[in-house]
Amino acid sequence: MTPEAFAADVPVSRETVERLEAYLAVLEKWQRRINLVGKTTLDDPWRRHFLDSAQLLALLPTPTRVLLDLGSGAGFPGLVLAILGVPEVHLVEADGRKSAFLIEAARITNTRIVLHTLRLEALPVFPVDVVTARAFAPLARILEGAAPFLLAGAQGVFLKGQSVDDELTEAQSQWTMSVERFASRSDPTGHILRIGEIHRA
């Protein structure tokens, strides 16, 4: 996927594409030093990372003012959603090197974020509208970690892969919840789960 195809698909302005191009440049630079993403995914970053993240925008609750992204790593999807206009994005990343990358990527793209360099269980609870995660943990572990936010009324929007059915079965043995499932636009084997109304089973 080219930047032009991405811009037509999402769609976004030329200025936003330029910010994402700057993001990609700093990602490729840092990737030589620390493992931020799977190496082969950089063969098609506009599909594998930027579209993968941007497709969540249409699935966020309306309005979404505060977003909490778990295990942000290289910034997908949280930093992309901040670039695309979510007003207040909190990134949680325990790894200090990855946190340093996120600070630099936010600086280069002129994007306001709130970074929490700590483990999720150490994060104080505050009001959020939606919790996101990609490649962070199995669904049951995500729900357990994010429970203080989800039980307070936040929705969850999570990118998942081929193991989605097994992960849902495990999670639903511990939680009752509403689940909506969407096919990924960036990965034929991927899925997006939108979860709400969560209670312990």
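Glycine too: its Cβ is placed from the backbone N, Cα and C atoms.
Model, not experiment: these values are computed from the prediction.
Taken from Swiss-Prot as is:
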- Gly71, Phe76, Leu120, Glu121, Arg134: S-adenosyl-L-methionine binding site (BINDING)
Extent of the S-adenosyl-L-methionine binding site in Å [max Cα distance among Gly71, Phe76, Leu120, Glu121, Arg134]: 20
Cβ atoms near Leu120 (S-adenosyl-L-methionine binding site) (within 10 Å, other residues, all chains): 22
Local backbone state of Arg134 (S-adenosyl-L-methionine binding site), from DSSP in three classes: strand
Reduced DSSP assignment, Phe76 (S-adenosyl-L-methionine binding site): coil
Helix, strand or coil at Gly71 (S-adenosyl-L-methionine binding site) [DSSP, three-state]: coil
Gly71, Phe76, Glu121, Arg134 as binding-site residues, winner by CB count within 10 A: Phe76
